[in-house]
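Asks: According to TrEMBL, the record shows the following:
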- 5-88: coiled coil (COILED)
- 6-150: domain 'Cilia- and flagella-associated protein 58 central coiled coil' (DOMAIN)
- 328-352: transmembrane segment (TRANSMEM)
- 335-445: domain 'Neurotransmitter-gated ion-channel transmembrane' (DOMAIN)
- 359-378: transmembrane segment (TRANSMEM)
- 393-417: transmembrane segment (TRANSMEM)
- 426-445: region 'Disordered' (REGION)
- 579-599: transmembrane segment (TRANSMEM)
Amino acid sequence: MSASEQQLKEILSAHEQDAKRLSRALAKADGDKVALSRELNGLQLRVRQLEAVVGDQEKSEAVLKHSVADLERERDAARRDLRGVQNDRDIIGTQLVRRNDEIHLLLAKIGVLQAMLTSGEEEYVQRLDDIRLLKLEVRKLRQEKVLLQRDLVAGADLRRELYHLSKDLAFEKQRRAALESELKTPMNLHRWRRLEASDPASLELIHKVNLLQKRLLSQHSLLLAKERQLQDAERLYLALRATMVKLPGPDGYTVMDVVMYWKDPKDGKHHGGGPDVPELDDGPVRGVYKAELPQFTIIGYETNDRKERLATGIYQRLSLSFRLQRNIGYFVFQTYLPSILIVMLSWVSFWINHEATSARVALGITTVLTMTTISTGVRSSLPRISYVKAIDIYLVMCFVFVFAALLEYAAVNYTYWGARAKKKSHKDKQDEKRAAPAANAVTHSGRVAVSSKDCFSLTTARDSLEAAEPPPSPLPYLRRDGGLVGGGVIGGGGGAGQTVPAPDPTLSPAAFPPSFRIARASYAVPGGHGGLRFRGSRGGPSNPHRPRVLHALKKGASAIKQSLPRIRDVNIIDKYSRVVFPMSFILFNAIYWIFYVVVAG
C-alpha cells in the first residue's frame with residue numbers, strides 16, 4: 001500500500017511538475033502574446049507616422065511646384081519686359097538715326113540756301129549798279145533830247161537821225177559788251193594774235209571768225225528788238241489781266257446773262273483704261289488720259305452741270321470729277337508679301353514641341369509685334385480717312401491669323417497640363433485603393449490576417465505606399481537610424497536594445513505565414529524596439545546589405561530614367577492646326593484677291 005501510495009505520490013508530483021511547467025509555458029506564451037501585440041501596435045503607429053510624413057511631403061511638393069510655377073511666370077514676364085525694352089531701344093535708335101539723317105539733310109539744304117542767298121545778293125548789287133549806270137545814260141539821253149527838241153528845225157530828219165542814233169547806240173552797246181568780254185578774257189586776243197603771227201595760213205580762219213563776230217553783233221541787235229517787243233507784250237498782258245480782274249467772271253453772271261454747258265457731255269460719265277486710250281476730239285475734257293501720276297491711274301472722269309438758285313438769281317455751275325485707281329505694285333512688295341511671310345512664319349510654332357514654352361512664345365510674340373509694326377507703317381504712309389480700305393482689311397486678317405497662332409499654343413498648354421493633372425489624381429486614387437487592403441490587413445487582436453489569394457508582406461505594402469508618389473531620389477531609403485530599410489526591416493516602437501524573443505515551438509505555426517519569422521533587430525532604433533525582418537521560407541543566410549544596395553541601385557536607375565526627357569506624341573491641336581491654319585489663309589487670300597481684282601476692279 002505504501003509502495004503504491006509512494007508511486008502515486010511520485011506520479012502526482014510528476015504531474016504537478018508537468019502542470020507547473022505547462023503553466024510557466026502558458027505564462028511565457030501570454031508574455032510573448034503581449035509583446036507581439038505591443039510590437040504590432042508600434043508597427044501600426046509607425047505606419048500612421050509614415051502616412052503623415054508622406055502627406056506632409058506631398059503638401060510640400062505641391063507648394064514647391066506652385067512656387068516653381070510662380071518663378072517661371074515671373075521669369076517669363078521679366079523676359080517679355082526685357083524684349084520689350086530691347087525693342088523700344090532698337091526703335092528709338094532707328095528713330096535717332098533717322099533724325100540725324102534728317103538734320104544732316106536740313107543742314108545741307110541750309111548751306112545751299114545760304115549760298116543761293118549770297119549769290120542773289122551779289123547779283124542784286126550788280127543789278128543795282130547796272131540800273132544806276134542806265135539811269136545816268138538815260139539822263140544824258142534826255143538832256144540830249146531836250147537840246148535836240150530845242151534845236152529842232154526839221155522834225156522828220158531829226159526823227160530819222162534819232163532812230164539811227166538809237167540803232168548806233170545799241171550797236172555800240174553790243175560792241176562795248178563784246179569788248180568788255182574780250183577785255184575780261186584777254187587770253188583770246190593773245191591767242192589769236194599769236195596764231196596769226198605764228199601761222200600765216202590760219203589768216204582765212206581768223207577772217208571767218210571776224211565775220212561770225214560781226215554777224216553775231218547784227219543778230220544781237222535783232223535780239224534786242226525782239227526783247228523790246230516781248231517787254232511791250234508783257235506790259236500789255238499785265239494791263240489786260242488787271243482789267244479782267246476788275247471785271248466779273250462767268251460765275252458771277254446769272255443764266256439770264258451767261259449760259260455755260262459741257263461740250264458733248266453724253267451721260268456725264270466717261271471711262272477709260274489709261275494713257276493708251278485714244279483721245280476723242282468731241283469729248284468735253286481733253287488730255288485727261290495723258291496725265292500721269294506716280295501712285296494712281298486715271299480710269300475715268302465725270303462732268304456735272306447744275307444750277308444753283310440764290311436770292312440774287314439762278315447761277316450756272318460746272319464741275320469735273322476724276323476717278324483714280326491706286327497702283328498696287330508698290331504695296332505688293334512693300335506690304336502684302338511681308339505680311340504673308342510673317343503669317344507663314346507664325347505656323348512654324350506648330351512643328352515645335354509644345355513643351356518648348358520659351359521658343360513658341362517668343363516666336364508668337366515676335367510675329368505679333370512685326371505685324372503691328374507693318375500695319376503702323378502702312379497707316380502712317382496712307383491718308384487718314386474715315387472709311388475702311390482694302391489693305392486695312394488684309395492687315396487686320398493677317399494680324400488675326402498671327403494672334404490666333406499664339407492663342408493656339410495657350411490652348412495646347414492648357415489641355416496638356418489639365419490632362420496631366422487629371423491622370424495624376426486618377427493614379428493617386430488608384431494607389432490609395434490599392435494600399436487600403438494592405439493597411440487593413442492587421443487585426444485588432446494582434447494577429448496578422450493572411451489572405452488565401454496573396455501572401456502577406458510588409459514589403460508589398462511599403463511598395464504600394466511608395467508608388468503613390470515617386471521620390472526624387474532613392475538614397476533616403478537607405479537609412480540606418482530606424483524606419484524603413486531597403487532590405488525589408490521596419491523599426492519597432494519599444495526601448496533601445498529590446499528584442500523580440502523567439503516563439504515557443506509548442507505554439508501552432510499556422511497562426512503565422514511561412515515568410516514571417518521573428519528575429520533580433522539588425523539595427524538599433526533610437527526610442528524603438530528591434531525590427532521585424534521578412535525573408536523567404538526557403539532563403540538561406542545571406543548578406544543583409546546586398547538587398548538594400550540592389551534596391552537603391554534600382555531606385556536610382558528609375559529616378560535617372562524619369563529625369564531624362566521623353567519623346568511624347570504631338571498634341572492633337574497642333575496636328576489639326578498644321579492643316580487648318582494654312583487652308584484658312586489660302587481660302588481668305590483667294591476670296592480677297594478675287595473680290596479685289598475681279599469684282600471691285
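Glycine too: its Cβ is placed from the backbone N, Cα and C atoms.
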Asks: Under an 8 Å Cβ to Cβ limit, what residues of the same chain, 6 or more beyond the ends of the transmembrane segment (579-599), are close to it?
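Replies: That would be 340, 343, 347, 350, 390, 393-394, 397, 401, 404-405, 408.
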Asks: Which numbers of helix, strand and coil residues does DSSP report for the domain 'Cilia- and flagella-associated protein 58 central coiled coil' (6-150)?
Replies: 145 helix, 0 strand, 0 coil
Asks: Which residue counts does DSSP give the domain 'Neurotransmitter-gated ion-channel transmembrane' (335-445) for helix, strand and coil?
Replies: 92 helix, 1 strand, 18 coil
Asks: Along the domain 'Cilia- and flagella-associated protein 58 central coiled coil' (6-150), what average pLDDT does this model show?
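Replies: A mean pLDDT of 89 is what the predicted model shows over the domain 'Cilia- and flagella-associated protein 58 central coiled coil' (6-150).
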